[in-house]
Amino acid sequence: MSKSKVLFMMTGSIACYKACHVVSRLVQNNCDVQVVASPSALKFVGNATLEGLTGKPVISDMYAMGNVMDHIHLMRWADVILVAPATANFINKAAQGVGDDLLQTLFLAHDFKKPFLVAPAMNTSMYLHPVTQKSLTALKEMGVQILDTASGILACGEEGWGKLLEPDLILKMTLEALHKPAQDTAAASVAPKSSALSKVKILITAGGTQEPIDTVRVISNLSSGRTGIALAEYMTQMGFDVTLLQAHASPRSEHVTRRDLFVSFATLDEKMKHYLSTEDFTHVIHAAAVSDYSVDHIEVDGQSFRPFEVKKVSSDADKMNIVLKRNYKIVDRLKDYSKNKDLKVIAFKLTSHATPEQRAHAVEKLFANSHADFVVHNDLSEIDIVNRTHKFTLFNHEGFVACENLDQLTSELIRVVLPKDSL
């Protein structure tokens, strides 16, 4: 069986060390890998390392290749081209067709008859800069497959999008691209064209409700809202029309231009009803953690009060009884609230240390009661805030997709919300 030929282009980033893992895994998967590295990339990882991984000398100078036409031959040789990590400099130059170095010249020699993958890695501000986003869009429209970036702590110490994807994910996408027809290269990216984006309008909820006891005390949950906020930020960056309805205690997003706040079950319900009944949303991603109960009244020293009837219950009271009332499930009413009767609902379900049978039952019950089109399940036992691990499973009525992290879930949800003909 002949080996698949991978042209691995590497640009200057601290993420080059992760790219070495991808090179190694490709070789282990019976790929013939040729590394082309920019001079700045070789400041982060040495020639000897890359040559040791591939068994081939690293190419870094077009005029030292022996034949100035070899860049053409190299592109013809490869079955797939991968740029990882791809810096903002590489991406913006490529979008403009600036062929002033070996890697850019190789890109200009690409005939788009084979997969060309780009895995960005940079600071969040650079990644979100309008110039970079415009360049990424331009490359996608040419047929380049732009891989997602991960969210987390960056090398600069800041937190946000722009991290290079984990090596196993890059490997998986590269191997998948090798087995897809050439004409599907552009479609392999989850990034849509502008015509597809205009058909999608998404309402996303995030964070936990707070149910008032008095004017200063509340009953709440531990939801941070980070999952819903991250989904809203990424989908906004891709060009979707996103409205984020987030808990007032959750972190503020600087990247979602249209957002609103809720506090309690009642305010969330009121605002969701307003948005859905007045605007043509195509999708709701309901990631908010909604209280199952609200405070009906409190009893202190033989007296009964409704929430807000007393500014602050005295801390001198020996005992306070809080009587709760059950809330209805907002998710069950979303399609009734909606002006658009074809609204697609993506519901979330959290369980705690549940067995597989209990998880399946919880998801089935949510499907039955809410008429949701998709359910995202996660279990508390698979969430580790310290180590930043969070597993999800995305269900529809036919099956499910396991997602190892938020980045995989985001990619799957983007495929869900896009019109079928845009993928």
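Cβ from N, Cα, C; glycine included.
Note: TrEMBL annotation is automatic and uncurated.
Among the features that TrEMBL reports, region 'Phosphopantothenoylcysteine decarboxylase' is placed at 1-201.
Summarising the annotation, TrEMBL assigns domain 'Flavoprotein' to 5-141.
Summarising the annotation, TrEMBL assigns active site, proton donor to Cys156.
What TrEMBL records for 198-399 is domain 'DNA/pantothenate metabolism flavoprotein C-terminal'.
According to TrEMBL, the feature region 'Phosphopantothenate--cysteine ligase' maps to 202-423.
Residues or ranges marked as CTP binding site in TrEMBL: Asp292, Lys312, Phe348, Lys365. Lys312 (CTP binding site) falls within neither a helix nor a strand when secondary structure is assigned with DSSP, and so counts as coil. Counting only same-chain residues six or more apart in sequence, the Cβ atoms lying under 8 angstroms from the Cβ of Lys312 (CTP binding site) belong to Asp214, Thr215, Val216, Arg217.
Neighbour density around each Cβ, counted as other Cβ atoms within 10 Å, peaks among the binding-site residues Asp292, Phe348, Lys365 at Phe348. Under DSSP, residues within the domain 'Flavoprotein' (5-141) fall into helix, strand and coil as 68 helix, 26 strand, 43 coil.
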